[in-house]
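Novice: Sharing the feature lines straight out of Swiss-Prot:
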- ALA204, GLN205, THR206, GLY207, SER208, GLY209, LYS210, THR211: ATP binding site (BINDING)
- 37-46: compositional bias 'Polar residues' (COMPBIAS)
- 71-96: compositional bias 'Gly residues' (COMPBIAS)
- 558-573: compositional bias 'Gly residues' (COMPBIAS)
- 595-612: compositional bias 'Gly residues' (COMPBIAS)
- 191-381: domain 'Helicase ATP-binding' (DOMAIN)
- 392-552: domain 'Helicase C-terminal' (DOMAIN)
- 1-116: region 'Disordered' (REGION)
- 552-618: region 'Disordered' (REGION)
- 160-188: motif 'Q motif' (MOTIF)
- 325-328: motif 'DEAD box' (MOTIF)
Amino acid sequence: MSELENGVKSLNLNNDTPAAPRSKYVPPHRAKAAATGNGTSNSAPSNDRREAGRNLYSQYSNSFQNNSRGSYGGGYGGGRGGRGGRSWGNDGGYRGGFRDPSQGSFVDGKHVPGPRNERTEVEIFGVANDERFQSTGINFDNYDEIPVEATGNDVPEPINAFTSPPLEEHLLTNIKLARYNKPTPVQKYSVPIVAAGRDLMACAQTGSGKTGGFLFPVLSQSFFHGPSPTPQPTGPRHMHKKAYPTALVLAPTRELVSQIYDEAKKFAYRSWVRPCVVYGGADIGEQMRNIERGCDLLVAAPGRLVDLIDRGKVSLENIKYLVLDEADRMLDMGFEPQIRAIVQGSGMPDVNERQTLMFSATFPRNIQMLARDFLKDYIFLSVGRVGSTSENITQKVEYVEDGDKISALLDILSAAGKGLTLVFVETKRGADYLCDVLQSEDFPATSIHGDRSQRDRERALEMFRDGTTPILVATAVAARGLDIPNVTHVVNYDLPTDIDDYVHRIGRTGRAGNTGIATAFFNRGNKGIVRELIDILKEAHQDVPQFLESTAREASYGGRGGGRGRGGFGGGRSRATQDFRKQGGGFGSNDRFGGSSGGSSYGGGSSYGNQGGNNNWW
């Protein structure tokens, strides 16, 4: 990391030194043209890169005026496969057409793990020092110094190690296979809180182990107590094939639910719990057949789950544990009607008959207001400076005009060392165009966004993870929750209009104690978030460039503008870390929730209930 950091520090965006030669990468959508000699190239001599960048930006701008997508013609990748790919065949036994031979059982009130399978263990846990299965980094021990605030009645004492009790013994075996040595701060508290039967609202900095924070205690309690009796079926025989999960995890995007499912497979390995995943954009018939084979822990995107409930394929009558991950993003994306339909209108046990856990890196007041309907006597857990960034991330803000962004990015990539680089842009067409430019400059890159098919997105993510294409250009679809090992550099090519999105984007690096670098291209078009950006840098003890201070002073003449400010409740971002029950005054009326649906970036909330539409989020 020091090599990369030194390279970035010494980077001169006006440097005319030619980049080192790279092997030509030909993506599948260009393979035919390359074979026939009809491929196009936008390459320019390295010693005139800045002028070439301006020309490319001009082409990019014109493509919008002409309603053209640019030269990026199609989706990347031709199918599922590869290590850990989400193939619909035999995926370690969990998706096969037969019972996984390593699956455990629950007999006479006791959990009986299944036999070990070395091939499955290598597939889902990797081997020691496998870079694709990154765990903790050199700064992980610093997490012990992070302040933790837990508020509520009778807060259980935190744990300091993975032990039994409170964790079930077989879960400890799987945690050891995953090479997790000690709990993160959020896990130290969440495990005893859930074991005590309490509800939880947990806020923790991104990369702090939130997924383990809910999977560990939920699976542990499931292993201890076993499955619930399945209700006796009634009605036609063909309606009997219905899943009755005991745990439900809701998350906003396909990528995040897929990632949580992959983690659930690890920690449910050889247990009686069979995890399943459902999300839009994939074959619903295959998903229905999969859950019919047994589903004890269901990870789901809200829209697809509503569809399966309506089809009579999933019942929520047996739910003991409900987890809402990235709850603020689900509301921003307009999922509140679906979430309320799932929790309050689908036969799920009421708030007093289940445990409910809400996890996210930010919990603004409108989400805490939602908690009064979904949680009972909950514990509010704030780990570190929630809504801020990790000091493991070195943040650099460069002043770059729009017309110079391409050349600036090319210079950064030329100086980059080993590791993965994630580049964020604001638009889908912008992602495709920039990816095409990078490929024409011999940088192996791919892209993901909401218009890509699920097959193409999974393939692109897999090739990014394994380093085949170490540069990924992404829109906000990849910004929240994804845990991709070895992302050493995040570039905000286009800064978002919401500072929380910035926090989540750069949180793709510097995870679990590892270090990373985040570079942002800033100009006066981003003055709406300049004050909050300065606050973020100061909170993480980063350098604040003079041009940010100057822009902030200029913006002050126009009043205290800025981004969304998380609902404008009057305290800005810092108040999103607090338990509003301590402040008194109540939460107001339920009618306030009507304004939460349909964030400005995602359209109206009602569109997410239309399963027949061309919707990329459910």
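Every residue, even glycine, has its Cβ placed from backbone N, Cα and C.
Explain the structural surroundings of these features, please.
Specialist: Other Cβ atoms within 10 Å of the Cβ of LYS210 (ATP binding site), summed over all protein chains shown, number 25.
On the 0 to 100 pLDDT scale, the motif 'Q motif' (160-188) averages 92 in this prediction.
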Novice: Does DSSP put ALA204 (ATP binding site) in a helix, in a strand, or in coil?
Specialist: strand
